[in-house]
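Below is one structure, written out as C-alpha cells; comments come after it.
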C-alpha cells in the first residue's frame, strides 16, 4: 500500500490456518512470525537429497516485511484477526484518500492462500474492503454534517483473467474491455460501468451480486 507520508510501499505477509486437506495429511507448520520478521524452517527427513527437498538443504530463512500477521492459531495470544489488518492497512489508506491521494491494495498469493478471506472476508468476519467501505461512509457523514460538503462515491468491479478484462457489474459485456490511458487522469478501462452508491448497504448489495 502506497503511503504519501512515508513515501514508500508497505509489504505485509499473512499466514493462514491449515485447511482440511492439510490437517488430513498431518502437515507441519514451517512458518514462524515475530514482529516484522517471517521465519521459514523447512521440514527435515530422510529424503533431503531429493529435488523436492532442496529447501531442506538450504536451511532456515528469515524475511523482513513491514508487518507479519500470525493468523495460524486463533488461540495464540499473538493471533492477528481481520481488525488488525484493517487497523494497519485500511485506516491509513482512508486517511490518505481523504487527503486527496490515490491508494491501492494488491493481494498476491496462490489459490487457497487466503486472499479472498483477507480482502473480502466471510460472514461476520468482514475483510479489509468491506471495512474500508463502511468506515468511508461514516467519515463522509461526518464531513457532510460538520462542513456542509457533498461527496459522490462511484463503484466499479472488474476481473482480469488470462489477460482479459471483464466488467463484473455489467455481465452483458462479454467481450474483452480495453485498457486506455488518459493524458491527465492516467490509465482507465474503456466502457467499464461506474455505479453511484449512497451507502455501505448499496456497496454490499453490489458485492453480493
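Every residue, even glycine, has its Cβ placed from backbone N, Cα and C.
Pulled from TrEMBL, these are the features on record:
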- 8-209: domain 'Kinesin motor' (DOMAIN)
- 109, 110, 111, 112, 113, 114, 115, 116: ATP binding site (BINDING)
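Sequence features annotated in TrEMBL and their locations in the structure.
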| residue | record | Cβ contacts under 8 Å, 6 or more apart |
| --- | --- | --- |
| 109 | ATP binding site | 115 |
| 110 | ATP binding site | none |
| 111 | ATP binding site | none |
| 112 | ATP binding site | 19 |
| 113 | ATP binding site | 16 |
| 114 | ATP binding site | 14, 16, 71 |
| 116 | ATP binding site | 127 |
Q | Average pLDDT across the domain 'Kinesin motor' (8-209), rounded to a whole number | A | 88
Q.
Is it possible to get the count of other C-beta atoms within 10 angstroms of the C-beta of residue 115 (ATP binding site)?
A. 16
